[in-house]
Every structure is written in C-alpha cells, then in structure tokens.
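K.L.:
One structure, as structure tokens, below. Some questions next.
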Amino acid sequence: MHYTTQIDAAKKGILTPQMHHVASYENICPETLRELVAKGHVAIPANKNHICLTPYGIGHKLKTKINVNLGTSKDCLNLDVEMEKVMTAIDLGAESIMDLSSFGDTAAFRRKLTKECPAIIGTVPIYDAVVYYNKPLKKITSDEWIEIVRMHAEDGVDFMTIHCGINRDTANSFKQTKRHTNIVSRGGSIIFAWMELTGLENPFFERYDEILDICAAYDVTLSLGDACRPGSIEDAGDVSQIKELVALGELTQRAWDRNVQVIIEGPGHMPLNQIQANMEIQQTICKGAPFYVLGPLVTDVAPGYDHITAAIGGAIAATYGASFLCYVTPAEHLRLPTVDDVKEGIIASKIAAHAADVAKGLPGAKDWDYAMSEARRNLDWERQFDLAIDPNKARDYRTSSTPEREDTCTMCGKMCAVRNINKILRGEDVDIMD
Ligand code: SF4
C-alpha cells in the first residue's frame, strides 16, 4: 500500500521498516508503536533522502532521546572541528544532531551530514536563509524563506525547527506584556525582527500549509519552535510563553491532519517547581505531541556549569512528559562549545535522560543500574568501567589514585564498607587497623 510519511503509514495500518526498527530497539510491540505514531504521540523523524539514517522514535513510552547542537559561526569557522564534534556525539550515543551552522558553506556541511551520518539530523532554516541570501534581513522575501525550507527537505534533513508560533498576534502580546529577557531564541529573534522591519506576517505562519506540503513530500518532522521560550526563570510560564504554546497546539493539529509528524519545542529557563505543571500543560494543549525541551535550566546563575543546571531540569521534565532533551554544554551563554564541552554536555544529558527513564519505570531502564550496583557490591572495577556512562573517565579516576589494597579505593581504604560487609557475611575476620 502507498504512504507518504510515517504518520500516514501508521494511520493506514502499515508497519514501515522504520517502525519495525524502532519497536525492536525499544522492546515494544510494533502494533503499539504504530498506534502511537498514528496518534502523533510518537514521531519517527526519517527524511526519505537520508538514506544512511538509523531511525529512532521520540515520544510516549519510549526511551528519552537527546539532541546535540553543533555547527559553525562567523567567529568559529572550522568544519574539521565540527565534524569531530559529530563523531564524538555518535560515539557517545546521541540519537540526534542539529546543525545550527550560521556561517560558511552551510549547504556542503549539511549535505555531508545527511550523506554520512546515521543520527537524526535537524536544522533551523531561518539561520541558513540569512547566510544563504547574504543580504539585509528586511530584503529577504516571503518566497525566499519558504524556499530554504524546501532546500533543507531535499537535502535529507529529518526535522526542522520552524518558528511559526510567533505571528502578529503573539508578537503583539509579547510587546504589550513586556518580559525580563525579551526573546532569546535565535530563530525567533530573527523572524520577529523581520516582521517588525517589513510590517508583514510571519511567512512560516501565513504559509504554513505550503510548509506542510514540503514536509509531507519528504517526510520531514516539524519541530515547532518556541520563539518565546523563557530566557530566564523570571519569564518562565509567562503570557508570551503560554500564548505561543496555544498557537503551537493549533498548528500541531493542522500538521497531523496533513500527515506531517510534529514535535514541540519547550523551555528554556524554568525553576524546578514549575516544570511538572509546564509539561502537563504542554501535553494537554498539544494533544500529546512529543515535547522537546531546551534544558530547562533551573537557575540562571551558573555560567560554565549550565550542563548541570540543564540536566537537573531535563531529568524533571522528562519524568513528567518531555521525550527529547536538547543537550546544554558548559559553554552555554559563553562561547561556541569545544569538542570537550560537547562531550560534557552529552554525558550530562544522557544522565538526565536515563534518570527520567528509571523514574518513569520504562521496562528495562533499571537493569543497567542493577548491574552497576552488583558490580560495586562485588568490587569488580572492570565491570564498573564497562557499565559506566563514561568508561574512560571512571577508569582514569580509579587508576589516578592507587589504594593500599586492590579490593578497596582510596576513599576509605581498609574501612571500605563494601569489602568489610562482604567479609563479615562470608564469616571472615575484618582487619582495619592492622
Ligand atoms: S573504599 Fe569506600 S568509596 Fe571506595 S569502594 Fe569501598 S566503600 Fe566505596
């Protein structure tokens, strides 16, 4: 039977090769997965032109996935370094990579990714339009914005962030209500500026049906961007954020009606006590579409450590409904991340994702922890390294500080509680001071 997109196939009762692959990876019944895709509660971003893709599902009942942002900027234009970040992300198990390049030969880099990289590839066409047309922002035409979306779709991009929730109505609301940190979304700021400079409606909103036609033709998943995501905990849950979320909810249903898969982008900065309610509101307004959170960062005061502030928020968000975590690196707010920053960000994000999967009771999630705690009980260091989320770091720490006895570590030495209890339970003597 013929189908256009994963959601179209699912609605028609067809199990696609991508669904079989995802079901096997997630250890979930393929038919259950198909029903989730048909309802829009799971998205499988899989552009027909991304031939080397390893597909993953994002959404309800599935493992929490992580995304790695990378790409060039005018100040840091080194494609070799960006490719090293790509390889690091894949080696560390990131399921998705967003190419946010904003300078240089962006098309060549994007095409290299979709030709060679098995991870899900995402982009933000707004950034690329500014680079590609290389002219004053206000001179970019409505047709040109749409054309960039078509170009990225043809290039095999699996999902695109489209800032269509900020329209003249939500933009007016933003201007009237005032907020502490205005608009901190890069794409959102560009399209808001374009609307102000030209006096025109946001073309991604006004010509949304054309965007949907492009996405349906290539099976591009729409990532509905949140231009008004809070850029400080002061703005979390304010009128601008919620009004845009309502607009995204309406656009979600229109996409599903045209057989286009959708994920919804979310905060941002948000205090811990607001995260659960925000996730639940999103699930209601966007009818269970997968939620893709950018952090959330639970405090504003930790530049240099925002992989930690984001991992705290990401773990809570994923526990209460988010399905997809955008990693944050220690370089957030400060510079383009280095390869080491990328690694730190990925590890922090993977910890958050796994912690949430354990909290949600996903089948099998706790098995990893059980195996690690067993290796700890047995003081089996090699097994602990094998199971560690970052084996190299675990091994380096252990070997950098040699204990008096091999069956302890230098934290407690012969006062090692694990060793001593094992010995007592075996009926052996415990030697501490001798
Ligand atoms: S020495 Fe202390 S920290 Fe090290 S393994 Fe034993 S109980 Fe744990």
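Cβ atoms are placed via backbone N, Cα and C, with glycine included.
Please treat TrEMBL annotations as automatic predictions, because they have not gone through curation.
Quick paste of what TrEMBL says about this protein:
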BINDING   N69, M98, Y127, H163, S185, R186, G187, D226, A227, C228, R229, E265, Y292  substrate binding site
BINDING   H269, H333  Zn(2+) binding site
BINDING   C409, C412, C416  [4Fe-4S] cluster binding site
K.L.:
Would you mind sorting out which of N69, R229, C409 (the binding-site residues) have a C-alpha within 10 A of the one on H269 (Zn(2+) binding site)?
P.N.:
R229
K.L.:
For S185 (substrate binding site), what is the tally of other C-beta atoms lying within 10 angstroms of its C-beta?
P.N.:
24
K.L.:
Which one is it, among the binding-site residues N69, S185, G187, Y292, that lies nearest to C409 ([4Fe-4S] cluster binding site) by Cα separation?
P.N.:
N69
K.L.:
In sequence order, what residues of the same chain, 6+ apart, have a Cβ less than 8 Å from the Cβ of G187 (substrate binding site)?
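P.N.:
Counting only residues 6 or more apart in sequence, the Cβ neighbours of G187 (substrate binding site) under 8 Å are V124, I126, Y127, T161, H163, G225, A227.
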K.L.:
List the Cα distance (Å, whole number) between Y292 (substrate binding site) and H333 (Zn(2+) binding site).
P.N.:
20
K.L.:
Looking only at Cβ atoms, how many others are within 10 Å of the one on N69 (substrate binding site)?
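P.N.:
For N69 (substrate binding site), the 10 Å Cβ neighbour count is 22.
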K.L.:
Do any of the binding-site residues G187, Y292, C412 touch ligand 1, in the sense that the CB is under 6 Å from one of its atoms?
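P.N.:
Only C412 meet the Cβ criterion.
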K.L.:
Where does C409 ([4Fe-4S] cluster binding site) sit by DSSP, helix, strand or coil?
P.N.:
coil
K.L.:
Applying a 10 Å Cβ distance cut-off over all chains shown, what neighbour count does Y292 (substrate binding site) have?
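P.N.:
Excluding its own Cβ, Y292 (substrate binding site) sees 27 Cβ atoms within 10 Å.
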K.L.:
Tell me which residues of the chain lie with their Cβ under 8 angstroms from that of H333 (Zn(2+) binding site), as long as they are six or more apart in sequence?
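P.N.:
In sequence order, the residues whose Cβ lies under 8 Å from that of H333 (Zn(2+) binding site) (at least 6 apart) are P303, D306.
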K.L.:
How far is it from S185 (substrate binding site) to C416 ([4Fe-4S] cluster binding site), counting Cα to Cα, in Å?
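P.N.:
Between the alpha carbons of S185 (substrate binding site) and C416 ([4Fe-4S] cluster binding site) there are 50 Å.
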